[in-house]
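These features come from TrEMBL:
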| type | residues | note |
| --- | --- | --- |
| BINDING | T16, D54, E116 | Mg(2+) binding site |
| ACT_SITE | K37 | active site |
| BINDING | S41 | substrate binding site |
| BINDING | D54, E116, G117, A118, G119, N176, C177, Q207 | ATP binding site |
Amino acid sequence: MPTYFIAGTDTHIGKTTIACALLAKAQQHGLSTLGIKPIASGCEMTDDGLRNSDALALQAQSSIKVPYQEINPVTLAEPLSPHIAAQRANKRLTINQLVGYTRATLSHRPQFAVVEGAGGWRVPISDRELLSALPKELKLPVVLVVGMRLGCLNHAILTAEAIAKDGLRLAGWVANCIDPEMAALEENINTLKRMLPAPCLGVVSYQTACVESINIAQGLTLPE
C-alpha cells in the first residue's frame, strides 16, 4: 500500500492539483486510490457542515469512496495557519489525533494513497507541534510540490533539507509552474534537478483554466 505525503514549498502552490493528478495516474495503472487531507483551514459552511475545496477534490478523485469526515477529519473555517484557526475555533489539535484519523482512513487499504499537508513543511498545528511530525510519525515518503516562482529555489532546498533532517525520504518532486511570467524558468528547473536529492516526477505548465487531473497526469511519473 504505497502512501505518500504531499508537501509544498509554500501555501497556494498547487499541492492538491498534483495530489489529484497522482491519484489519476495511479488509477491509470489499475490501482485503487485514496486521497486524505487530515487538516484543512479556509473551509466553507454548507448544508452538510464545513467543507474544504481541496479535500472535496481529493474525495472526488479517489476511487475508494468514503465519507467526507474520513477524508478531512479536522475542518477549520478561517483561512489561517492551522494553529491560529484552531485556537480561534476553540479546538485543540495534536499530532496523535491526526495520526489516529489518518491511520483509520488508510485502513480501507488503498493500493495507492496520498496524504496532503497544509501550507509548507513546518506549519504549526499548535504552539508545541508542527504538522511535519505527522509524516514522521507515519514514516511516509514525501513528494514535494515546488511552486515555480521567484524564491522557489531557496524554499525547495530548505524544505528538502528539513525532510532529510526529519529522517524521511524525498521520493520525488514536481515543478508546478504557477507564475506565467517567471524569468529563467528552465534554468530554475534545471537547478532543482541538479540540487534536489530526488527525481523530478514532472513539470506542470501554467494553467489558465481548470484542467482535468487525468490530463495533468499524462506528464507525471509515479514516485517509487
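Backbone N, Cα and C atoms are what each Cβ position is placed from, and that goes for glycine too.
TrEMBL feature annotations superimposed on the structure.
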| residue | record | Cβ neighbours (10 Å) |
| --- | --- | --- |
| K37 | active site | 27 |
| S41 | substrate binding site | 23 |
| D54 | Mg(2+) binding site | 21 |
| E116 | Mg(2+) binding site | 28 |
| G117 | ATP binding site | 23 |
| A118 | ATP binding site | 25 |
| G119 | ATP binding site | 19 |
| N176 | ATP binding site | 26 |
| C177 | ATP binding site | 19 |
| Q207 | ATP binding site | 15 |
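Nearest by CA distance to G117 (ATP binding site), out of the recorded positions T16, K37, S41, D54, is K37. When the CA atoms are compared, the recorded positions lying within 10 A of T16 (Mg(2+) binding site) are K37, out of the candidates K37, S41, G119, N176, C177, Q207. Taking only the Cα positions, the spacing between S41 (substrate binding site) and N176 (ATP binding site) is 22 angstrom. Nearest Cα neighbour of E116 (Mg(2+) binding site) among the listed recorded positions (K37, N176, C177, Q207): K37. The record gives T16, D54, E116 for Mg(2+). Within 8 Å of the mean position of their Cβ atoms, the other Cβ atoms in that chain belong to I6, K15, T17, A19, C20, G35, K37, A40, A55, A57, L58. Among the residues the record lists as binding ATP, namely D54, E116, G117, A118, G119, N176, C177, Q207, the two farthest apart have Cα atoms separated by 22 Å. Residue density at T16 (Mg(2+) binding site): 24 other Cβ atoms are found within 10 A of its Cβ, drawing on all protein chains shown.
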